[in-house]
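So the structure is just underneath, and the comments pick up after that.
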Amino acid sequence: MASQHFLSSIICLLLLITLNSFPSEAFADKPSTKLYIVYLGERRHEDADLVTASHHDLLSSLLGSKEEAMSSIVYSYRHGFSGFAAMLTESLADQIAELPEVISVEPSRSVPIHTTRSWDFLGLNYNQHQPKGLLRQSNLGDGVIIGVVDTGIWPESKSFDDHGYGPVPSRWKGICQTGELFSIHSCNRKIIGARWYAGGIDPSLLAGEYRSPRDSHGHGTHTASTAAGSLVSNASFHGLGSGIARGGAPRARLAIYKACWVDVGCLDATVLKAIDDAIHDGVDILSLSLGGQLNPYYASIHAVAKGIPVVFAGGNDGPVPQTIANDLPWVITVAASSIDRSFPTVLTFGDDQALGQSMFYGSKHDGSIELIDGGSCSVESINYTNVAGKVVLCDDSEPPARAVAADGYLQDVAKRLNEAKAAGVIVARPPLGLLSTCQVLCVNVDKGRRAKILAYATSSSSPVVKVSPASNIVGSKVMAPRVAAFSSRGSSVLFPELIKPDITAPGVSILAAVRDSYEFMSGTSMACPHVSGVAALLKAVHPHWSPAAIKSAIVTTARTTNANGFPIEADGGVRKLADPFDFGGGHIDPDRASDPGLIYDVDPKDYFKYFHCSDDALGSCDLVDHHLYHLNLPSISIPDLKTSVTVCRTVTNVGDTNSTYKAVVQSPPGVKVTVEPSLLQFNCTKTAHTFTVKFTSVEMVQGGFTFGSLTWVDGGKHSVRIPLAVRVIIQDEFSDTS
């Protein structure tokens with residue numbers, strides 16, 4: 001017993017000595033890490049493996065071992081630019097930021113993911129035997145590769161059938177990355193490549209997701225089929241919107257980059273890696289239906305420098321001003337607008353009728369249903385104890401400033417009504433341009449109709465309503481396009497010397513592929529692939545045009561009036577005439593864009609020059625005047641006009657060799673605009689002209705932006721228009737909060 005006691009004492013003593021010999025840090029919490037993006041700018045090696053090796057060397061110099069550096073790095077950006085995403089502590093990130101070769105170190109954030117008729121509405125009418133205009137010239141986009149960065153794809157959809165396609169372009173260098181329910185055979189001659197990115201994401205957030213390029217959300221499938229879906233006859237959403245579903249460039253090939261996840265959104269790190277891979281793989285167009293600003297925002301410039309037009313959604317935070325996202329000069333930023341299709345729904349109240357809008361397609365409510373007044377359309381105000389089997393009339397009297405938030409509130413109300421066994425809801429609301437497919441029957445009516453419906457509901461002893469299924473109305477009887485209320489608006493907060501968005505395109509109630517069927521979706525996410533599809537067609541017709549030339553052609557040929565000759569309007573709390581901060585150059589016109597006459601081209605080196613001046617981290621500034629309005633963009637924004645400002649622009653003739661253009665100016669109110677020279681003559685030796693535009697304030701008033709335009713006309717088919725936005729100021733620092 002004594003020996004056992006002695007042995008136990010020795011063991012305890014050894015344990016105490018051992019424990020006390022460890023430093024206290026061993027028992028402290030290990031510093032937490034998170035995903036950071038380290039941006040190094042241009043590559044210093046042509047060999048991508050050497051670029052990656054340089055990333056390992058940089059990090060191992062701080063961590064002490066190459067193995068630890070390699071395990072920390074999640075993504076190496078090595079094709080279009082140099083940088084990496086790595087799991088770092090905050091202190092290590094700070095140390096890296098101090099290194100002379102490092103431009104920026106930022107945490108990786110998450111940004112949200114923000115058609116049977118729409119292409120016909122844009123004038124790209126498809127005739128199976130004889131396509132016309134841009135479709136014919138481009139051979140339906142055959143040979144062009146569109147890279148789609150989104151939530152993945154549903155490869156079995158008929159929209160991605162490759163019947164009749166030729167071999168995959170020989171220049172393609174991408175891969176078909178396999179994974180859950182996605183094999184090598186999921187790619188074909190239509191979907192020629194696919195990748196997915198889950199590095200740096202907490203695995204618990206991917207529950208219910210396919211860990212592969214397969215799309216569990218539907219968003220990516222919808223956008224991909226909108227841009228380049230094959231022809232599918234008799235597509236509809238339960239009979240609504242019936243017709244031929246197709247993409248804008250139906251013969252273009254698709255490269256899919258799944259960088260977005262349902263419960264995560266789109267991490268900066270994954271999106272940047274997708275862009276980097278797309279540059280390597282050989283895409284011709286990049287389409288990103290993402291909201292928010294990528295960080296670092298200038299990374300996408302490297303794709304443009306490689307000759308790849310980059311198309312971004314402008315965001316769904318409208319109609320609030322200064323909410324535009326992805327407002328960078330080298331990308332095409334897209335607003336959303338309606339098309340000439342509506343879904344009127346007849347509501348019968350006793351002997352009277354009202355016309356609403358809905359996606360109601362069934363016969364579930366053929367008979368008359370009891371109608372009750374629910375008051376305000378909010379989750380809190382409706383009495384859910386007495387709604388079973390009834391239709392609730394409610395008033396969206398004070399909708400949120402953001403139209404999408406208003407729709408979200410309606411979805412919440414519909415969910416609660418469904419749980420309470422209600423038959424449906426009739427919503428009186430301002431023109432928001434949103435039709436919802438709710439969990440119960442949802443019908444939108446004009447706010448002015450509510451008083452009449454309410455008078456019936458309160459005066460009748462047993463008020464009832466009969467809801468007829470929605471019908472399809474297409475054509476000139478529908479006032480379109482209108483900029484959607486949800487579409488984010490300018491001016492740009494980040495760069496007020498830019499007009500953003502650049503263009504508007506169909507983005508309201510767009511029918512496209514989701515899994516094995518077709519569904520309606522709305523958003524600038526839907527507008528973005530419309531522009532991507534048009535860019536693909538233009539690339540097919542003009543393979544040597546730069547991204548800036550394609551953007552110029554789209555912006556300068558856009559329409560500012562509808563088919564009836566009326567100015568395009570913008571929806572919101574109050575409907576108004578659209579201005580450049582609503583729709584940029586206007587509504588996209590693909591056929592006109594194929595022959596713009598003149599283009600405003602930009603050498604990608606100029607983007608780098610200006611952004612070296614606008615961001616100290618990028619390096620030294622070599623420009624005396626680095627205002628962005630001096631970039632040769634197809635728009636001019638002067639946010640700080642005191643007396644006068646003169647800018648230069650250069651146009652290149654891509655139309656008739658011998659031609660003469662005359663300047664037509666619509667000056668913004670309170671501003672005099674002078675163009676010199678006002679006449680441009682082109683011939684076989686003179687293919688480009690530089691001119692000046694002088695802005696002079698005529699009213700010294702501290703005000704907001706006013707708008708105008710400069711149009712070069714040749715007296716024939718070409719009318720090359722750029723929007724102007726000018727704000728006269730007296731004081732540099734002024735806040736107009738009245």
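The backbone N, Cα and C atoms fix where each Cβ goes, glycine too.
Now, the feature entries from TrEMBL:
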{"type": "ACT_SITE", "residues": "Asp150", "note": "active site, charge relay system"}
{"type": "ACT_SITE", "residues": "His219", "note": "active site, charge relay system"}
{"type": "ACT_SITE", "residues": "Ser525", "note": "active site, charge relay system"}
{"type": "DOMAIN", "residues": "36-114", "note": "domain 'Inhibitor I9'"}
{"type": "DOMAIN", "residues": "141-563", "note": "domain 'Peptidase S8/S53'"}
{"type": "DOMAIN", "residues": "631-726", "note": "domain 'Subtilisin-like protease fibronectin type-III'"}
{"type": "SIGNAL", "residues": "1-28", "note": "signal peptide"}
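Each of the active-site residues His219, Ser525 was ranked by the number of other C-beta atoms within 10 Å, and first place falls to Ser525. Proximity of Asp150 (active site, charge relay system) to non-local residues of its own chain (separation of 6 or more, Cβ distance below 8 Å) is seen for Ile113, Asp215, His219, Gly220, Thr223, Ala224, Ile256, Tyr257, Lys258, Ala259, Cys260, Leu288, Ser289, Leu290, given in sequence order. In this model, the domain 'Inhibitor I9' (36-114) carries an average pLDDT of 92.
Assigned with DSSP, the residues of the domain 'Subtilisin-like protease fibronectin type-III' (631-726) fall into helix, strand and coil as follows: 0 helix, 61 strand, 35 coil.
Remark: secondary structure over the domain 'Inhibitor I9' (36-114) totals 31 helix, 24 strand, 24 coil, with classes taken from DSSP.
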